[in-house]
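Taking it in order: structure first as structure tokens, then the write-up.
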Amino acid sequence: MTRSIDLAVVAGDGIGPEVVAEGLKVLDAALAGTDVTVRTTAYDLGAARWHATGETLTDEDLAALAQHDAILLGAIGDPGVPSGVLERGLLLKLRFAFDHYVNLRPSRLYPGVATPLAKGGDVDFVVVREGTEGPYVGNGGAIRVGTPHEIANEVSVNTAFGVERVVRDAFARADARPRKKLTLVHKHNVLVHAGHLWRRTVEAVGAEFPDVAVDYLHVDAATIFLVTDPARFDVVVTDNLFGDILTDLAAAITGGIGLAASGNINPDRAFPSMFEPVHGSAPDIAGQGKADPTATVLSVALLLEHLGLTEQAARITAAVESDIVERGSAVRSTAEVGDALAARVAG
């Protein structure tokens, strides 16, 4: 029986449309010859729309997006939009509305990829970052703004419900991986209230996963080990803020954000999950065919894996690995990279 994937496509700004086009090209190649088809719907969201209409993400947009199986996002933003407008009005609004409580960031050092590490080693881990709590919920404020007595605060929200569900997701992922190891990263010696909630939750849920080895690192120690011994990590679970910082460091040691894919996941599947490259819109090279679409292609692999199409996802990942090994220092256009990856996936 034929299966159809109803995919929302938000190409966005800058290089977004270019890399998304190549991601869709590889997606089509991965599904060719299968009983799975893709139906795409494009959405005009991002800086261009904000400049034209002042809108970021309307209730009508959310209602329409909610009907899809998944969302593929390119990149959002340009220098002409004030900081925070699109981040909060579009990306975070979408994350909270669709309860994307797992932010998934795989970090793998592919053979042939340049790294600042003296010794690369077998680096292959995933960060499971809580996505809907912490200090990003907007629970804070400021008074006496602009005076010498200004007071500003941001309150980090951590609920037992929210922490348990992301910890449970992380344990399930660790249990499904060969190494079966989970590392909690926090700072419970100083952030005693939230930190110990996370610690107790990991201990409680961990009892249900006896095959998964568990350890703990303070966040400052974790940054050291990410640079000196990243191969020690398998699955890392952490809160929203620490995860935001650690995942960019993880990208830096595994080839940069140009290779970094991500998924904003609703594991309950009550809403569509969203998949996107980590890099920005890079307006300085937009329209020039210089952008590397590899991170978008790897995001497509995450999308397929989330939808249960693991064989097709693995083919894309294998194609990327082979392409990276063989590309060397060759300079290729965005479309040429996409063509090469699509050809490898098609076999």
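Just so you know, glycine gets a Cβ as well, placed from its N, Cα and C.
Among the features that Swiss-Prot reports, substrate binding site is placed at ARG95, ARG105, ARG129, ASP220, with the record citing sequence analysis. The Mg(2+) binding site feature in Swiss-Prot is assigned to ASP220, ASP244, ASP248; the stated evidence is sequence analysis. Annotation comment: Swiss-Prot describes GLY280, SER281, ALA282, PRO283, ASP284, ILE285, ALA286, GLY287, GLN288, GLY289, LYS290, ALA291, ASP292 as NAD(+) binding site. What Swiss-Prot lists as site 'Important for catalysis' is TYR136, LYS187, and the listing cites sequence analysis.
Structure coloured by features recorded in Swiss-Prot.
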{"residue": "ARG95", "record": "substrate binding site", "CB count, 10 Å": "19"}
{"residue": "ARG105", "record": "substrate binding site", "CB count, 10 Å": "23"}
{"residue": "ARG129", "record": "substrate binding site", "CB count, 10 Å": "28"}
{"residue": "ASP220", "record": "substrate binding site", "CB count, 10 Å": "9"}
{"residue": "ASP244", "record": "Mg(2+) binding site", "CB count, 10 Å": "18"}
{"residue": "ASP248", "record": "Mg(2+) binding site", "CB count, 10 Å": "14"}
{"residue": "ASP284", "record": "NAD(+) binding site", "CB count, 10 Å": "10"}
{"residue": "ALA286", "record": "NAD(+) binding site", "CB count, 10 Å": "18"}
{"residue": "GLN288", "record": "NAD(+) binding site", "CB count, 10 Å": "12"}
{"residue": "LYS290", "record": "NAD(+) binding site", "CB count, 10 Å": "15"}
Q) Can you name the binding-site residues among ARG95, ARG129, GLY280, ALA282, ASP284, ALA286 whose CA is within 10 A of the CA of ASP244 (Mg(2+) binding site)? A) ARG129
Q: To the nearest whole angstrom, state the Cα distance for the pair LYS290 (NAD(+) binding site) and ASP220 (substrate binding site).
A: 36
Q) What is the separation, in Å, between the Cα atoms of ARG129 (substrate binding site) and GLN288 (NAD(+) binding site)? A) 34
Q | Site extent for NAD(+), whole Å (max Cα pair distance, GLY280, SER281, ALA282, PRO283, ASP284, ILE285, ALA286, GLY287, GLN288, GLY289, LYS290, ALA291, ASP292) | A | 16
Q. Taking the Cα atoms as reference points, how far is GLY280 (NAD(+) binding site) from LYS187 (site 'Important for catalysis') in Å?
A. 29
Q) When you measure from the Cβ of GLY280 (NAD(+) binding site), how many other Cβ atoms are you left with inside 10 Å? A) 16
Q: Would you list, in sequence order, the residues of this chain other than ASP220, ASP244, ASP248 that have their CB within 8 A of the centroid of the site's CB atoms, where the site is the one recorded for Mg(2+)?
A: VAL219, THR223, LEU241, PHE242, GLY243, ILE245, LEU246, THR247, LEU249
(Q) In whole Å, how far does the CA atom of ALA286 (NAD(+) binding site) lie from that of ASP248 (Mg(2+) binding site)? (A) 22
**Q.** Structural state of ALA282 (NAD(+) binding site), classified by DSSP into three states
**A.** coil
Q. Near LYS187 (site 'Important for catalysis'), which residues of its own chain have a C-beta under 8 A away, given they sit six or more steps off in sequence?
A. GLY195, HIS218, VAL219, ASP220, PHE242
Q.
Tell me the Cα distance separating ARG95 (substrate binding site) from ALA282 (NAD(+) binding site), rounded to the nearest angstrom.
A. 23
Q: Would you kindly give the Cα-Cα distance separating ASP284 (NAD(+) binding site) and ARG105 (substrate binding site), rounded to the nearest Å?
A: 26
Q: May I ask which of the binding-site residues ARG95, ASP248, ASP284, ASP292 is closest to TYR136 (site 'Important for catalysis') if we compare their C-alpha atoms?
A: ARG95
(Q) In the three-state scheme derived from DSSP, which category covers ARG105 (substrate binding site)? (A) strand
Q.
Just to verify a number: CA distance, ASP292 (NAD(+) binding site) to ARG95 (substrate binding site), in angstrom, no decimals.
A. 26
